[in-house]
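Student: Quick paste from TrEMBL:
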- 4-266: domain 'Thiolase N-terminal' (DOMAIN)
- 86: active site, acyl-thioester intermediate (ACT_SITE)
- 274-400: domain 'Thiolase C-terminal' (DOMAIN)
- 358: active site, proton acceptor (ACT_SITE)
- 388: active site, proton acceptor (ACT_SITE)
């Protein structure tokens, strides 16, 4: 396989649910990330051979193509969408590598977008063939129906929150452990934000609404005043009796977009580009959908094996925090305790999705972008990005700093 590098990375701020980005169309937000990533890579949009974006809910048909055209990518450049649920944008990067390996492209824009504030409501599909008669007709919420993210026929009633409850039960994770993990995530992000770390990553986005124009250039989901006491007051969100998973120890519903420029190493050398990182390995694995959050464990092990590296070799790790229970389950399986130096110094050092938010298809390249910029700040050699995936999968990618 041709060696691939990343030469530019950018993301928008992650908006709170029904926050500053609630009126923004996914294609416009995605276009901003595309434009910024190309600029940071010092390429023209016409240099692209392909555009690949992740999109989970898909209410904008082929948002990759729509966003590319809005950004000013020439009409001759093709574009398509991938959906691997929460890892969709990381899959877009993997697909970019596939395009390059197949000789179909040398330069690919890859990323993802999700604007969960704009998820539509819909009628029952039977409305297409059953005539409306007297009486009320219900509206269905796209999010509520999508949160299962796995076959409802095979596993009826299973949603993502219940999978986190299952992980907590399997690994003996307590409510206190989950809340402590969440407080730590919020603290780390607040400290990173105060230090201005995310300014390098974020491209400011101008929002137009009835009150006028304003700029969104800061993440909105973080609640730095979170405490163990405040979290203890929250009721279980998914399992009424004996449940441990709450809104406070889970990721949020959010809005955001991110993109990276993937090149063949040969093309980058030919153009005189200095890559940010080299992609060493990538992997996707499946697991029991009922404990889908544990998916990163097998994916990480496979990626490490392919790169001929060990977990100890990883200088920084970005583990997407869909739920505290899920994250703690993965850490236990990987032998990483919250009291270890490895966790304190290398894992989600700027906070995770519990604090950043989780705009589904955006999250893969969001954590990859955050990882890359932190690797540069620390002069770290190896970085690992990994996510669990609705439906019972895991994905991981290992990158090496290009110095």
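Using the three backbone atoms N, Cα and C, a Cβ is placed for every residue, glycine included.
Because the structure is a prediction, the values reported are computed rather than measured.
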Student: Near residue 358 (active site, proton acceptor), how many other Cβ atoms are within 10 Å of its Cβ?
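Tutor: There are 27 of them.
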Student: Report, in whole Å, the straight Cα-to-Cα distance of residue 358 (active site, proton acceptor) from residue 86 (active site, acyl-thioester intermediate).
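Tutor: Their Cα atoms are separated by 8 Å.
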Student: Any idea what the Cα distance is from residue 388 (active site, proton acceptor) over to residue 358 (active site, proton acceptor), rounded to a whole Å?
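Tutor: With the alpha carbons as reference points, the distance is 12 Å.
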Student: Please compute the mean pLDDT of the model over the domain 'Thiolase N-terminal' (4-266).
Tutor: 95
Student: Return the count of C-beta atoms lying within 10 angstroms of the C-beta of residue 86 (active site, acyl-thioester intermediate), excluding that atom itself.
Tutor: 34
Student: Can you see whether DSSP assigns residue 358 (active site, proton acceptor) to helix, strand or coil?
Tutor: strand
Student: For the domain 'Thiolase C-terminal' (274-400), DSSP counts of helix, strand and coil?
Tutor: 61 helix, 33 strand, 33 coil
